[in-house]
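Worksheet: one structure, shown below.
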Amino acid sequence: MKYLLNKFLANRDGLAVATFLAGLPFIYFLRDGIKLAPANTFFAIFLLFFPYVLSFLFKDLRTFDMPNKVGITMLSIFILIGFSYFLLRDRYTAVNGTREFLNFILIFILFFATLFLRRESLNETFFYFVIFLSILGAVSLIYFTFTNPLYQFGQRASIALDEKGATGGNPHINSRGAFYGLVASVLVLKYHQRFKIGFIIPLLTILLLFVVLFLTQTMLAILSAFIFLSLFFYFNYSLRQIGSTIKFLFSKWYVLLALTLGIVKGISSLDKDSDFITPITKYTTYRFNNILNSLAGNEGGKKAKVKGDDSANTRIMLVGKVFERFEKNLEKGKVRYVLFGNGYQSLYVDVPHMEVLDSYGIFIFIFYSVMFFYLVKIAWREIRNPESMGTEFIAYAFIYYFVANFVAGVVIDYTRLGMYILLVRFVRK
């Protein structure tokens, strides 16, 4: 018992970070999938942040590793600016004050709790936690999807939220967890000498997580995974090394066995139902074609109707709206709105970087752009020359929110700012 307690205390920081990154898909499965606490936001928050509370047990708060000074300073200023704008918002705004206040509470908890995490907490056990939680999330999604009588192949898979007015779930929750698990599994293969799980478990995990990305069909996670794998192979392997690695893997009997069984099973499944894959391939082709149409179809004027992807069209329209509002403020001499913005979440843009311009004005937009560029720079340096496998993981994981900064969500979000906080806490280049 004493041994288990000592092991837990030694690895509680890693468990906290792993749960925050990869635990949310399984938490939502427990909450809404098997209905332990349907639609209970506090249940999800408790499970997600309780490991952070445990990380403070018996911890000496008088000492901590110095974070990235420049990054933590700029991020602190931006969070305080966002909180100030929230407090000073127009009382007639459509912002849900209670929800946003809770969002800031979680951000502050993450900020101060992460400052006292030890750098060595991102060790081998941390990677085990991330892989284990990502497997739980993947298996729970697959189980929920294929036991759902209303699910049809080609439909985006997600855990249906048991909330009033909800028509489905959020596939980005599952795909984001799958992306983090993919990063961890690939790095475990890179540093396989330091791990005791061999090759088969991380390889099977990678295959499982690709299934999740395939089922959820979220372009954000798919693009992030593509960028991650491209950078990983570019900085770690030459073409000759890739060839020798493939040769090494295929020399293992269990890899050949798993591949053979998978091919046989796939062929037999397609023979039984030749239309199994058709809806998915049609939908994927449809999404890519429509996104291209959206990007190329904006030449006919502001009000021209174009065929394309609805979500991409909406973002393009909203970004155009941001520039229209900015231009009108200039024309009408509303200098205050140009310099300091239209107010906290005045317009839902779904492009966080442009949201900063609309909500906070040109000054804060420039500040945020400089801060974000700095975050990208330190992540890039870490990817090129990793200090440790833990900091390398954080740098690669940041890719998800690098992409999301231009295509999805709001800028003041505890999952987004939580990743920024982890980056400036552990990466000091």
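Note that Cβ sites are derived from N, Cα and C of the backbone, with glycine treated the same way.
If you look up TrEMBL, you'll see 14-30, 42-58, 70-88, 100-119, 125-146, 197-214, 220-237, 249-268, 360-380, 392-412 marked as transmembrane segment.
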Contact between the transmembrane segment (70-88) and the transmembrane segment (100-119) (at least 3 Cβ pairs under 8 Å, separation 6+): yes
For the transmembrane segment (392-412), distant same-chain residues with Cβ under 8 A (at least six beyond the ends): 21, 82, 86, 100, 103-104, 107, 122, 127, 130, 172, 176, 179-180, 183-184, 187, 219-221, 223-224, 227-228, 231-232, 315, 345, 348, 350-353, 355-356, 359, 368, 372, 375-376, 378-380, 382-383, 386, 419-420, 422-423, 426-427
Intrachain neighbours beyond the transmembrane segment (14-30), with Cβ under 8 angstroms and 6 or more residues off its ends: 36-37, 44, 47-49, 51-52, 54-55, 110, 113, 117, 121-123, 125-126, 129-130, 133-134, 136-138, 140-141, 144, 159, 161, 169, 173-174, 176-178, 180-181, 184, 397, 415, 418, 422
